[in-house]
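Here the structure comes first, spelled out in C-alpha cells, and everything after it is commentary.
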Amino acid sequence: MFCEMWQDELMLECVTAGESHGAALVAVLSGLPAGIEITTDTLTKALEQRRRGYGRGTRQKFEQDVVTILSGLRHGKTLGSPVAVEIKNTEWPKWQTVMSPDPVSRRALLRDAGRGDAREVARNQKLTKPRPGHADFAGMMKYGFTDARNVLERSSARETAARVALGAFAQAFLDQVAGIRIVSHVTSLGPVSVPLRAPVPRPEDVDYLDRDPVRCLDPQTSEQMVQAIDQAQHTGDTLGGVIQVIAYGVPVGLGSHVSRDRRLDARLAGALVSIQAVKGVEIGAAFLQASLPGSKAHDPLYRGDQPAEANTGLGMVVRPSNLAGGIEGGMSNGNPIVISAAVKPISTVPHALPTLDVADGSPATGLHQRSDTTAVVPAAFIAQAEVALVLADALLEKTGGDSVAECSRNLWAYLDEVTQRNTFS
C-alpha cells in the first residue's frame, strides 16, 4: 500500500495480509487518533460498494464480505490504538486443502479437484501457464516458484477489500475533523466517455452515484456504458476505463514542497497506482495543461466578493479554474483535489491469450479464472479509499493530536490564522 512506499515516518501505518482464497484478509491501521465515530455497519456498507458495479463476475454473487473489527474500537469510537480488521472468506471450506498453511498429502489434494466452471483449471492442479497482463510470470521468476498460484493468490484484487475497510476509518476521520468529503465516479468505460462539459459530482450526488450501475452521473452516458459492457460480454472480452476521485473541503497547506516523500501529489499518485489494474494517473487537467501555453495552463488568483468555505482557509482568495486539481508545489491549495486513474481491461480474458507453459516452454493459452467483464466501477470506490488514507495521513501530519478533539482544535487554530491573512483586513 501507499503507506509502505514513501515516508520513513508516517503518521498512519497500514498493512494488509491474506490471499484471495485464504481463510481471511487481515488489515491493520495504526496512528489513528482516539474518538473517531464508526461502526461495523460502516465497514460492511463500504465493502458492499466495492462488490457492486455492472459487469462484475459470478464470484461477487456468492461471496460475502463478513467483517470483524478485532481491535482499536470500543462502543463505536476509536481508542487511539492500532485498528485491526478481519474479512473472512466465505469460500474457505472449498479451498482449505489447496491453500492449507501446513503440508498436505497428495491424496488429500487429489480429492480437492473442484473448479468454478468448465473452463477453469482444477484448483488442486499446479498452474504453470502464466496469464499475460498478470503478476504470474514476473512473480514466478522473482520468487523461484513453479506454481503461479503462489503469486496470483496475493496479487489478486481481492486484497483491495482490506484497503476499503481501512479507508472507511480514514474517511470518517476526515469528515469528523475537517469536513472533507470524497466522491468517486467513472468518467470513461471502454469506448464511452462522459461529455466534456458534463457536471462534476458533488457530495450531495453520492446517493445517486451509489445507485447507478456504472457510477456515472450522466444518465445517457451511463446507459451507453452498460451497452458497451453487454457487447464485451457477448464477444468474450473485457473493458477498461478512467475513474476520478474528488475531495471537497481540503484545507490549504497539506503536504509539502520541501522533500519528495512529503509531496501530496506524489503520495496520491503512488497510492492510486498501487491498485491492481491502474496503469496511469492524472492530477487535475494535467494532460490538457501539457498541450496549452503557460499563459493559459494555470489557475489565476483573485480577490473575491464572498469568503470561501471556512474549512479551506482561503478567505477571500478565489480562482476561476482548477486545472491544477487542487495541488500546487506538492501541497493542497484549498481547491477541491481532483485525481483520475486509468484502469486497464482485466487481463483474464474468456478467450485466453497466448502464453508459454513454463514447465517445458511449449505454447499454451493462459489459464482461466472466474473474473469480471470490467472492474472499473469498483476501482473508483477503491481509489476513493486510497485517497482518504493519503489525505488522513497528510492531515495528521499537519495537525498532530491524539484525539479527534485535539486534531480539530489544532486544525481550526491554523485555519483561523490563514483565513485572517486571506481576508486582507
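Cβ atoms are placed via backbone N, Cα and C, with glycine included.
The annotation NADP(+) binding site is assigned in TrEMBL to R50, R56. Around the Cβ of R50 (NADP(+) binding site), a 10 Å sphere holds 24 further Cβ atoms from the protein chains shown. The secondary structure of R50 (NADP(+) binding site), as reduced to three states from DSSP, is helical.
Applying an 8 A CB threshold to same-chain residues 6+ apart, the list for K344 (FMN binding site) reads G133, G240, A277, V278, K279. In three-state terms derived from DSSP, K344 (FMN binding site) belongs to neither a helical nor a strand segment and is classed as coil. Residues or ranges marked as FMN binding site by TrEMBL: R154, S155, S156, Q276, A277, G329, K344, P345, I346, S347, T348, R370.
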Three-state secondary structure, which DSSP defines for R154 (FMN binding site): helix
Neighbour count first, Cβ atoms within 10 Å, every protein chain included; then name which of S156, T348 tops the list of binding-site residues. T348
For the binding-site residues A277, I346, work out the Cβ neighbour count at 10 Å and name the residue with the minimum. A277
C-alpha spacing of R56 (NADP(+) binding site) relative to S156 (FMN binding site), in angstrom: 15
I want to check the contact list for R56 (NADP(+) binding site): same chain, sequence separation of six or more, C-beta distance under 8 angstroms. What comes out? D372, T373, A375, V377, P378
CB neighbours within 10 A of R154 (FMN binding site), counting all protein chains shown, number 17
